[in-house]
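J.: Quick one: the structure is below, questions incoming.
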């Protein structure tokens, strides 16, 4: 219910309110009228139902009387049975004794056997039936009695009345009931059967009852009766013109005693109840359905709805007229009383408004403990039961503090801990009640919330401890695994640089491959653990996606060629020259996908396609390998999941590679998807946002514009990419089909030349070529399919055109022919582990550096004080003085030489700690020769510049 905002309204609003009240009164009168009409309708329905009940009682008496007759006849038949041979005993017979008529119910019914075996019993029973007919049959209105043998299934008919009976229909119905009785479950075989058959005339039928006759707990025969039924048997004379329909237990209409128009179709809801009274669908008729025990039949009485409404039609018209008159009178009176009633009420508006505001604030309070406290002294004026209980929990000091807070009106809530350790939060608002300043207080038991907050705090502390334990575990595992692995991989790297005897080189290579695989497994597990513990961070910086792709293809091209596969790398011209992201993690993801493609592909090729897709950089890796079943694609990115059928089981791995890829791409705000078909190959597509992308300027290369290249490329994808790339550079392309070329034309093929090319040059794209384009014969260049995007640079070289960095995104790679000379660099190696210390010294020696060694930080300071050291390469975790304190001490001494840390801890926090201590960089064990060479080259160049 909505309360009015204020009782002090204008007179105009008051008049509208009074009119609304008059309307409500009129609606109330209309409701009463409707209620009266409905009551009259219910009364009429009650009268009709009473007549229905009287008729149904008469029908019930008819059925019950027939059932009683059956019991009497059954008693007579059973008393005339003897246990001898299961036949009836003979009685004294007179000369007028007749044998009943026999009717076979089935084709194999043996009536002769029944007549001969039961002759005496049947004659005795026939004599009694005749006697019973002459003395009692008229009272029971029976047509005939029949006996059916249980063994021969032949019916002995004892006619009690001469009347036409439809023999075929009766025998058919009896045959059906006998079959139903014989097929019934054992617990139902002792029940009586009742049914009704339609007579030759409408409104007349025949009622049948069948009961079993037992002798010594054995079924001997079935005793049945036939009785005519008429309309007067089922409703009282002089009643309403109602329809009478008898239905079976399935709701099927058996007979209508008022003609075919009176048949009522039974509804399923009727059959669920023994007695049902109501209207049929569409409200066409009012019906009463009642069961007729002990039979399974039901009787349905019906009358048209027009007959029900006949008496209340005038009442409805009178009610409508009355409501019209009352409505007119009410609205007339409303206009008269508007000026006489509401003007005196304005003086009471202020009091009513305060009362209304008070009630609204009560309703606005929470449905908890509510009380009204007087502001002056804090006395409880009014409270509910829950508030009374809470107030009794407060101590005297709590009450005084609550009173002071209420009087001060500085805050509107207070938390109180009661004497029984119940946490109460008391909130209040100030108001007026009975001309006094009061505070409406709401008391809430927040003990559960306080306990929950404490539990959450404990859970947070437990989670923090678990995170710290996980970090410690990762650091320990990383250090303990990487330290010995460094000794293995490092020494194998050095061993491969030496000249080895025949056969030993193969063993060293196998050992190096196995150790590299072990390192990859350890790295995958540590990366996944760092991702799960949220310790792995994306380090965005500006990088060139083209350089990343060139580096990846250069690393994997030898492996692809060794497997006799093809690696096609298509970098679209619209790919940015630079963007912001983490190139190391992107390279890790693409390398993992490319490595999987190589492992699972034995025949065909692998395509690496890089292009722009809206605001994303799309990188697609497609192979022609074994493919992945559809049911396993959905689990492909689950941790430790490996495809478990066929060839895949032969490959090694932890099942973490794709899971790490998905998480890394997600951390870069990108996504990864897969499309695979078993036997056809797989396609992985990853997308990363184009943050800070700088696109190449669309500008043709001067000198290439107008040149013509003939294409004889069978690979459709390769051909389309070449056409797009050369069109951007202004080169005209045509499909070569044996035409005569011009002198400056160039032929581009992806297969060996069949004839000598008469043009300027021919470029052959070879799947097995590794490295930069080479001129293996005059005018014949071989080009790798892994660097198709560098074709314009080769054409510029053929046409002797100087490259413009703004026109082309990349140029041909050049080999560095200057050898490094590092013998001017003295490096101090600090490590407490003798194997690692010796290994680092050997690696530095193989790179041309001079080095000195120290056992720990203290020994390193001693070496620094006596020798001129250019670079310090120090382990982090050492006894006496670790790498952190050593670096801090070096910086305190004012030395600015580069300090590079070496740690077996793979956590990001460890590397950050190294940088914070003053180190210039940090390397993770195992440190390969390539990593060591690249890192030291940077700092060696810095030292040389400082010397200069």
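Every residue number used here counts from 1 along the chain in the order it is shown.
In case you wondered, yes, glycine gets a Cβ from its N, Cα and C as well.
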J.: Choose the correct range: of 272-292, 293-313, 314-334, which one does Swiss-Prot annotate as transmembrane segment? Give that range.
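T.: Of 272-292, 293-313, 314-334, Swiss-Prot gives transmembrane segment for 314-334.
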J.: Under 8 Å for C-beta pairs, could you tell me which stretch among 357-425, 705-805, 826-940 has the largest tally with the domain 'Histidine kinase' (476-692)?
T.: 826-940
J.: Short question: which residues 6 or more past the ends of the transmembrane segment (314-334) have a Cβ under 8 Å from it?
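T.: Contacts with the transmembrane segment (314-334): 18-19, 21-23, 25-26, 29-30, 33-34, 36-37, 40.
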J.: Taking a Cβ cut-off under 8 Å, which residues six or more beyond the ends of the transmembrane segment (21-41) line up next to it in the same chain?
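T.: Cβ under 8 Å, 6 or more out: 308-309, 311-312, 315-316, 319, 322-323, 326-327, 330-331, 333-334.
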J.: Mind giving me a neighbour count for residue 875 (4-aspartylphosphate)? Other Cβ atoms within 10 Å of its Cβ, every protein chain shown.
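T.: Excluding its own Cβ, residue 875 (4-aspartylphosphate) sees 25 Cβ atoms within 10 Å.
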J.: Grab the pLDDT values for the domain 'PAS' (357-425) and give me their mean, rounded.
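T.: Mean model confidence (pLDDT) across the domain 'PAS' (357-425) is 75.
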J.: How many helix, strand and coil residues does the domain 'PAS' (357-425) contain under DSSP?
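T.: Helix, strand and coil residues of the domain 'PAS' (357-425) number 30 helix, 18 strand, 21 coil.
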J.: Please spell out the DSSP helix, strand and coil residue counts for the domain 'Response regulatory' (826-940).
T.: 54 helix, 24 strand, 37 coil
